[in-house]
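TrEMBL annotations:
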TRANSMEM  12-41  transmembrane segment
TRANSMEM  61-81  transmembrane segment
TRANSMEM  93-116  transmembrane segment
TRANSMEM  153-171  transmembrane segment
TRANSMEM  211-234  transmembrane segment
TRANSMEM  243-262  transmembrane segment
TRANSMEM  282-303  transmembrane segment
TRANSMEM  324-339  transmembrane segment
TRANSMEM  345-365  transmembrane segment
TRANSMEM  386-406  transmembrane segment
TRANSMEM  426-446  transmembrane segment
TRANSMEM  458-478  transmembrane segment
Amino acid sequence: MFKKPVLAESLIVFLIVLCVHAVVWDRYSWCAVALAIQAFYVQFKWDRLLQLGGAVFQFRAAANSGLVPASVAIPLLGIAMKERCGAAGVASLERFGIVVASTGMLLALFLSVIAVGITKPVPSNTCILTGVAGSVIVYTMKHSLTVSEVIEVLEVLLIFVYLSMVLLYLLPRCFTPGEALLVLGGISFVLNQLIKRSLNVVEGRGEPIDFFLLVVVVGVVLLGLFFTVLFVFLDSGTWISSLFFHMMTAVLGLGVIMPWLYRLIQRNPLFWLLQFLFQTQTRVYLLVYWTFLAASACGVVFYQNAKRSCESKKHQASTITRKYFHFIVVATYVPGLIYDRQLLYVAAVLCLAVFIFLEYVRYFRIKPFGQTLRHLLSLFLDERDSGPLILTHIYLLLGMSLPVWLSPRPCAPKGTLSGAGALVPYSGVLAVGVGDTIASVFGSTMGEIKWPGTKKTVEGTMTAIFAQIIAVALILIFDSNVNLNSSYAWILASVSLVSLLEAYTTQIDNLLLPLYLQIMFMA
């Protein structure tokens, strides 16, 4: 069923790994190659387990395991970060890149070992291959990491194991194994970083906006875990439970999250946030503009639901209708990237917190808006929202924001990166906002030639590549900080490979594509 798309998807990922390996060419890139090869073999074991229902947890249907693209994404990101920051002479972030790469490899190996262990009969050839790849990676880590860094990697692995057991049990059919690796691995790494920095607070060290991201992400995750356990024993749909939900949210926010952030930034978080948001006139203009776009997005939701009421209760939003939100997000992010990236950074964190909080309200049916949100958002569901949570809009926000959050600012002299690296913050805009949107719109309306084994069309992919090249040209015109230094061939190759990956992957493209385009640009 999945063989042809899986082979094509894996081939594209291998090409990306080899491109990064050709640029970096060190022992870490060799480890990434070994990891990709063993993940390719293990992926078929995972796919077989999913088809036979032999996996320990319930994963998202209508998709393969996604082990190959997920396994190498985090290691490649760490390798690219190490290379970029090493070239800039920032030793601390170079070491951080090594830790990220090592952590990603260990998490991917753990997921591979799980698949091999529960496959009956035990696949001896795959076991040998996984053992060889694991030995290479462990040997490299032994000669690359300090003792404290090894402990840090093992801490992330431990957090990942516990989070996986809890969240995959509580949220069936929300993730594929690959998506779980990316999402839960990222949350585990963020939680470990927050604990590490909280225990080693040095006044004046670290950017407040970085601490803000860590605290908010961990805070909303802990909030969700708390209420999930609580509402096992209580009916969440009553007014008493809803009142308790709002009261406890305020208590946890003001009593735990705010003091935690105060300890890290050494100032009142609310005063700092208000001062930051309204610091310049440009920020005020951007906030007013973003408020207008947010109101427009809400208007689209209400209008489409009004059409459903008039036409048919079974009416579902079309692909083109859902892509309206992609256009709105592009219109939101581009001015922020050009005029004030720090404001965009903080605004994206706030928006993520609001999105996740509203999803809690919808999921737990919290009064007075829970049932209304269920009705409004059900119009925009697709096959990827097969679990109890609706995550596609959150993935869209993450895909646009991750390149902004993960862009190594200290490794960019005077705030700019030369070559293709200058486009790193625009990775989400190009891959999801432009490429994925144009491919869907043109492919669904004018596409006739389909890629083998998929519903995606050649016309959609070619149009997406062309649109992203046009977008790069417009970025060059309007953003004076972007200097490509004649790296046009690399940009074209990067955009083309990621567009082909979009055509063949069955994973959440809003999350996967920006990561790979960012990796290619950073390399």
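Cβ atoms are placed via backbone N, Cα and C, with glycine included.
In TrEMBL, annotation is done automatically, which means it is predicted and not curated.
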Tertiary contacts of the transmembrane segment (243-262), as residues 6+ beyond its ends and Cβ separation under 8 Å: 198, 211-212, 215-216, 219, 222-223, 226-227, 234, 236, 268-270, 357, 364, 366
Segment-segment contact (the transmembrane segment (324-339); the transmembrane segment (61-81)) at 3 or more Cβ pairs under 8 Å: no
Within-chain partners of the transmembrane segment (282-303) [C-beta distance under 8 Å, separation at least 6 from its ends]: 321, 324-325, 328, 331-332, 335-336, 339-340, 343, 347, 376-377, 379-380
Same-chain residues near the transmembrane segment (211-234), Cβ under 8 Å, at least 6 residues beyond its ends: 166, 170, 187, 190-191, 193-194, 197, 241, 244-245, 248-249, 252-253, 256-257, 260-261, 264-265, 269, 273, 345-346, 349-350, 352-353, 356-357, 360, 364, 405
Annotated stretches the transmembrane segment (93-116) and the transmembrane segment (386-406) touching (3 or more Cβ pairs under 8 Å): no
